[in-house]
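Marked as repeat 'HEAT' by TrEMBL: 133-170, 322-359. Taken from TrEMBL, the feature domain 'Stalled ribosome sensor GCN1-like HEAT repeats region' covers 396-485.
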Amino acid sequence: LTRGLGEATFPDLRPWLIETLMSEDGSSVERSGAAQGLTEVLMASGAGLVENVMHEEILPLRSHPKASTREGVLWVLTFLPSSLGQAFTPLIDSSLPALLGGLSDESEQVRDVAMRAGRVMIRSHGKAHVDKILPSLEEGLIDEDYRIRVASLTLLGDLLSLIGGTKVVKGDGDTQEDVRQAERAQAQIALALGSDTRKRVLSSLYMARSDTAAVVRQSAVQVWKTVVSVTPRTLREILDVLVGQIVTALASGHPEQTQVAGRCLGDIVHKLGDAVLPEIIPVLRDALYRGDEHTRRGVCVGLIEVIGCASKEQIIKFLDILVKAVQDALCDEDEGVRQMAASCFQSLYTVVGNRALDEVVPVLLVAMESSEGDQVARHRALNGLTGILSIRSKELLPYLVPRLLSKPMTKNHADALGSIASVTGGTIHLHFHSIISTLMSELSSFSGQDLDEEEEKREEAIRECARVVCGSVEEIGVNFLISEVAS
């Protein structure tokens, strides 16, 4: 009727349909019917009017306070894409925000309609306009709302299945037919998306398998099995992109993203082991040099996962590169990074024992005792030593204290001993018999002497060291201190 007689013949029809669409008095079925009727009326009136009505009257209602109105908008997006066909293309960009907003709506009914609308759009326009739809789904995979992540995975699975000419796997997906299906799908997806986009999408999908929400992980595994037949082989193919995404997530400063990235990194190490460790560790170490404090803290989370998921044999095999990365983190200028690095070292020590100390401590001692005037290197080395001492003081102090007490005590050694005492207040009293006597002997040697500038600096450093040592003692060590001073 509208096409034959013109919309002017029914001036109240479109306003009535839109009003019904927004009404909270009617049922969901009535809003669905109004949306379908409005779609037919708009199509009969021409594509130009469709765009105008959508942009001016329908899409602005996507943020309406009434859930019924938001649902009505999504019902229109459920019917319009397939009805308009390619004429809907100009509306895709403006419709996607309404869909994504609906997927995280507080109303379950709105979320259900949004999912239905999203699936319709993918079926009708997914292949032809994957470049428009895919970026929004990728963003949804890392959204803070887990419901958007689940919905984005579901829609991504639909899109990849459409492109690959297959169906989303249900259950384990381990049958021969499922494997052959995934092989065919992967070939089609690579052809349609191109190598770079395929790697990026699969990397995002694999990270979602380590999500903090169980329902997201489950959905990600199903989609992954739909398009990937041999996981280790695919991981090796996308490894460079995947590791880049992991480092970016580790550097985000967002606790949940950092946790997901760490889990994912550990999972890769568990699956690939020897094949991946030589590639991952240098990337993480490079991020320690180039990244900000959030990046460096995230890298430490990654290192902890790597150490925790690798076998003892793998850790021993690649101990050299692991130790260098942990050592760099221990020497960091940021206290938060050093604390995380201390946890890394603890994980390493748990696996290889005193060998961790043997690999790290001598290098730090050489840097700390450097006589070339590099104060920055000495300070970083001291940071590393105090970080280790904060968790392994009983093992390290017997090795370290005699080195620092060698006579004559240098200013660097005095500064180092003071810093060490400040983090080992609960155990340093066990070495007071040598520390207190050496400090008192050194201080007495300055009495009555005409000191030059260097000796004055050394004396002040030793006095400050003595103050810090005495001030850092915990209650358990007070009697040891009094006994040594009195004797």
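Placement of Cβ uses the backbone N, Cα and C atoms for every residue, glycine included.
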Within the repeat 'HEAT' (133-170), how many residues are helix, strand or coil going by DSSP?
-> 27 helix, 0 strand, 11 coil
Mean pLDDT across the domain 'Stalled ribosome sensor GCN1-like HEAT repeats region' (396-485) comes out at 86
Can you tell me how the residues of the domain 'Stalled ribosome sensor GCN1-like HEAT repeats region' (396-485) break down into helix, strand and coil by DSSP?
-> 69 helix, 0 strand, 21 coil
